[in-house]
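Asker: These came from TrEMBL, pasted as-is:
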- 1-17: signal peptide (SIGNAL)
- V114, V264, P593, Q594: FAD binding site (BINDING)
- 301-315: domain 'Glucose-methanol-choline oxidoreductase N-terminal' (DOMAIN)
Amino acid sequence: MLCGIVLGFVFAIGAHARALGQYARAVDAEALSKQQYDFVIAGGGVAGLTVADRLSENPKVSVLVIEYGPFDQKEDSVLVPGAYFPVPYLWLPFSSTPQTALGGTVYSVPCGRVVGGGSAVNAMFFHRSSAEDYDAWDALGAKGWNWNSLFPYFKKSETFNRPDATYAKERNITWDDSVHGFSGPVRASYAPYDYPGSANFYNGARSLGIRATKDPNAGDATGIFRLQRSVDPKTNTRSFARVNHYDRIIASRPNYHILPNTAVGKVTFRGTTAVGVEFVNRTSGVTGNITAKREVILAAGAVHTPQILQLSGIGSASYLKGLGIKSVVDLPGVGWNLQDHLVQKVNYNYTNNHFPNGGSLQANATYAAEQRALYDANQPSAYDLTATTGNLIIQLPLKDFTSDAQSIISLAKSQNPASLYPKAPASVIKGYKAQRELIIKNINDAAIGDISWNTGPETSLYMTRPLSRGSVLINTTSILADPLVDFGAITDPTDLEMLYAIYIKNRQLMATPDLSVLGPSETSPAAGVTDKAQILARLKATLQPSNAHECCTAKMGKREDGGVVDSDNTVYGTTRLSVVDASIWPYVVGGGPQASVYAGGEKAADTIKRRHGL
Ligand SMILES: Cc1cc2nc3c(=O)[nH]c(=O)nc-3n(C[C@H](O)[C@H](O)[C@H](O)COP(=O)(O)OP(=O)(O)OC[C@H]3O[C@@H](n4cnc5c(N)ncnc54)[C@H](O)[C@@H]3O)c2cc1C
Ligand SMILES: *[C@@H]1O[C@H](CO)[C@@H](O)[C@H](O)[C@H]1NC(C)=O
Ligand SMILES: *[C@@H]1O[C@H](CO)[C@@H](O)[C@H](O)[C@H]1NC(C)=O
Ligand SMILES: *[C@@H]1O[C@H](CO)[C@@H](O)[C@H](O)[C@H]1NC(C)=O
Ligand SMILES: *[C@@H]1O[C@H](CO)[C@@H](O)[C@H](O)[C@H]1NC(C)=O
Ligand SMILES: *[C@@H]1O[C@H](CO)[C@@H](O)[C@H](O)[C@H]1NC(C)=O
Ligand SMILES: *[C@@H]1O[C@H](CO)[C@@H](O)[C@H](O)[C@H]1NC(C)=O
C-alpha cells in the first residue's frame with residue numbers, strides 16, 4: 001500500500017530548477033538570481049504552504065517559498081503513524097535559556113525544519129479549540145479573528161472522513177457533519193483501530209461525570225472525545241502540508257516554487273517598504289537577494305519569525321542597536337508574548353492491564369510484526385495510531401478539574417503582571433494584563449488542560465492555558481545561530497497550581513472502578529506521594545515547558561498593547577510585509593494548534609488576495 005504513495009511523489013522530489021517552467025518544483029538558488037516573484041514566503045510550514053497554495057491558484061501570480069529544511073524522503077517515521085518518532089527533521093540541538101522558575105534548567109525547543117514544518121513531524125492530532133479561545137483573540141484586538149469568522153476557514157481547510165458506521169458505534173465515536181468540510185486539502189480521520197483499554201478510560205471518565213462530547217470541532221472542545229488525526233484514510237499516511245498544499249497541486253502550478261535548505265536571513269526594505277529577502281545558503285553561507293514585487297510573507301513559525309523580524313530591523317530599536325542592527329521600525333512587541341503548553345508525563349505499572357495496549361508495539365516484537373503486516377495490507381492496525389498514543393482525550397475547564405477553582409483564580413488575580421514579566425516592554429505588559437483578565441473570565445468555560453492515557457504505560461497531562469509568558473530574542477546577527485528562547489515556564493505560579501489540579505484529577509480517574517480494575521500503580525513522577533508540597537516539587541522537576549506548540553511572538557492586536565501585526569496580518573509601520581503563522585495569535589489555543597494554523601493560513605490568504613485585487 002505504501003508503494004503507490006511513494007511512487008506518486010517521486011517526480012516531485014526529483015524535479016529540479018528551471019526558470020518558471022511547466023511544473024511547480026524545488027528550485028535552487030542559482031536559478032533564482034534573476035527571478036522576481038510576486039510573493040516571497042519565508043518558511044514552508046503549515047501556514048506558509050497554505051498561503052502559497054492559495055495565492056498560486058491564480059496562474060498569473062508567482063510564488064516562491066524559501067524553506068530552511070529539506071524535502072523529506074518519505075521515511076516511515078514521517079508517513080506511518082505507528083512508526084512515529086523520532087523524526088529526522090527537528091531543529092536539533094536547540095536549547096532554551098535557563099528557566100528561572102525551574103531551577104535554571106534548560107529544555108529543548110522542539111520545532112519542525114523540513115518542507116511541511118511542524119505538520120511533517122507532529123503527532124497528527126487535528127482539532128479545533130473552544131469558541132471562547134478565538135473570540136478572545138478578537139476581544140484582544142485581533143479584529144475579525146473570532147470563532148464565527150474562522151469557522152468557514154476550518155471547513156475550507158479539511159476533508160473530513162467519517163469512520164465506518166459499525167466501528168463508530170462500537171467505539172462510541174460521534175461527530176457532527178454540519179461543522180466539517182468535505183473538500184479541503186487536509187485529510188482528517190479517526191484511526192480505524194483501537195485498544196481495549198479505551199473503554200476503561202471512557203467509562204472511567206463518564207463515571208466521574210465527564211461528558212462525552214459529540215464533536216469537539218463545533219465550538220465546545222471540552223469533555224471526552226475521540227482524537228481526530230491529520231491522516232489520509234485511503235493510505236493511512238500523514239496528511240501534512242507538503243502533501244496537501246504542494247504535492248497535491250504541483251502538476252498544475254508552474255507558478256509555485258520552493259527553495260529548500262535555505263534560510264531567509266532578513267527582509268530587505270526600500271524605506272519601510274519590503275522589497276524582497278536576503279537568503280543564506282546553509283552550507284556555504286553564500287547570500288543572495290530575491291525581489292518580491294507584491295509582498296514578503298513571514299511564515300517561519302513562532303520561534304523563527306520574530307528572529308527574522310529582529311534581524312531585519314523590526315523590534316525594539318534600542319535592543320537591536322546593541323547588536324548593531326539598524327532599526328527599520330521600532331516595534332518592541334516583536335519576540336514577546338511567547339506561549340506554549342506544559343507537558344507532564346505520568347507513568348503507571350499495571351498488574352492486570354489488557355493486551356494489546358498503547359505500549360505493545362514497543363514491548364512486543366511479535367505483535368509489532370503482526371500489526372505492521374496488517375498495516376501494509378491496508379487492514380486496521382495499531383500502526384494507524386500515532387505511536388505510543390491512545391485514541392481518547394479529556395479536555396476540561398478549570399472547575400471540572402478541581403472544586404478549588406476559586407482559590408486558583410484568586411491566586412491568579414493576586415499576581416502583579418509587571419513583576420512576573422520583568423524585562424517585557426511596557427506595551428507588552430499592557431497587552432498581557434488584558435490577556436490575563438480574559439483568561440480568568442474564560443477559565444471555567446474553555447479547556448485549560450488535558451488528560452490522555454495511551455492505554456499502556458503512559459499518561460500525558462497538558463496544561464494548556466498558561467498565564468506565564470516567555471520571549472524569543474536574537475543575540476547575534478546571524479540567521480544561522482539560534483535565537484534565545486525563554487519559555488518563561490511557570491513564572492506565574494498559578495500555572496503550576498493548574499497542572500497540579502489536572503494531576504490530581506488523573507489520580508481520581510485512575511481510582512475509578514473502570515480503571516482500578518487494571519491494577520494501576522504510579523511509578524512517576526510522584527509514586528506514593530500525597531503531600532501537596534512534595535507533589536508540586538516532583539511536578540516542577542519533571543514537567544516539560546513545551547509541547548512544541550509555540551505561538552504568539554508577533555501578536556495581532558493594537559500596537560500600544562504590544563501588537564506586531566494588524567488585523568490584515570500586516571507588520572505595523574511597514575508596507576508589503578505580513579506574518580501569517582502561529583506567531584500572530586494573541587494567546588495560545590487550548591487544543592492542538594495545527595488545525596487553527598491551517599485555518600488562519602486560509603484566512604490570511606484571502607486577506608492578501610483581497611489587498612492585491614487578486
Ligand atoms: C514534535 C511536534 C509535535 C506536534 N504535535 C502536534 C499535534 O499532534 N497536533 C497539533 O495540532 N499540533 C502539533 N504540533 C504543533 C504544530 O505542528 C505547529 O503548531 C504548527 O506546525 C505551526 O505552524 P506554523 O506555520 O506556525 O510553523 P511551522 O509549521 O513550524 O513552519 C515554520 C517553517 O519555517 C521554517 N523556517 C524557520 N526559520 C526559517 C528561515 N530563517 N528561513 C526559512 N525557513 C525558516 C521552518 O523550518 C519550518 O518549516 C507539534 C509540533 C511538533 C514540532
Ligand atoms: C548551497 O551551497 C552548496 C555548496 O556550494 C551547494 O552545493 C548547494 O546546492 C547550495 N544549496 C542551494 C539550495 O542552492
Ligand atoms: C461505549 O459506551 C457504552 C455506554 O456508555 C459503554 O458501555 C462502552 O463500554 C463504551 N465503549 C467504548 C469503547 O468506549
Ligand atoms: C541584498 O540586498 C541588501 C539590501 O539591499 C544589500 O545590503 C545586500 O548587500 C544584498 N546582498 C547581496 C548578496 O546582493
Ligand atoms: C505478544 O504478541 C503476541 C502476538 O499478538 C501475543 O500472542 C503474545 O501473547 C504477546 N505477548 C505478551 C507478553 O503480551
Ligand atoms: C548568545 O546566546 C547563546 C546561548 O545562550 C550563547 O552561547 C552565546 O554566547 C550568546 N552570544 C552572544 C553574542 O551573546
Ligand atoms: C513496574 O513493573 C516492572 C515490571 O514488572 C518492575 O520491574 C518495576 O520495578 C515496577 N516499578 C515500580 C515502581 O513498581
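Including glycine, each Cβ sits where the backbone N, Cα and C put it.
Where the annotation comes from TrEMBL, it is an automatic prediction and has not been curated.
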Asker: With FAD as the bound species and V114, V264, P593, Q594 as its recorded binding residues, calculate the greatest Cα-Cα distance and give it in Å as a whole number.
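Answerer: Overall maximum Cα spacing for these binding residues reaches 24 Å.
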Asker: To what whole number does the mean pLDDT across the domain 'Glucose-methanol-choline oxidoreductase N-terminal' (301-315) round?
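Answerer: On average, pLDDT over the domain 'Glucose-methanol-choline oxidoreductase N-terminal' (301-315) sits at 98.
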Asker: If you run the three-state DSSP split on P593 (FAD binding site), which class comes out?
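Answerer: Coil, per DSSP.
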Asker: If I restrict to non-local contacts, at least six residues apart, and a C-beta distance under 8 angstroms, what lies near Q594 (FAD binding site) in its own chain?
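Answerer: Sequence-distant Cβ neighbours: V46, G118, S119, N122, F125, F126, S230.
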Asker: When a 10 Å sphere is centred on the Cβ of V264 (FAD binding site), how many other Cβ atoms does it contain?
Answerer: 30
Asker: Validating a neighbour-count step here. Other CB atoms within 10 A of the CB of V114 (FAD binding site): how many?
Answerer: 28
Asker: Checking proximity to ligand 7 here: which binding-site residues out of V114, V264, P593, Q594 have their Cβ closer than 6 Å to it?
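Answerer: List returned for ligand 7: none.
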Asker: Across all the protein chains here, work out how many other Cβ atoms are within 10 Å of the Cβ of P593 (FAD binding site).
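Answerer: Taking every protein chain into account, the count is 28.
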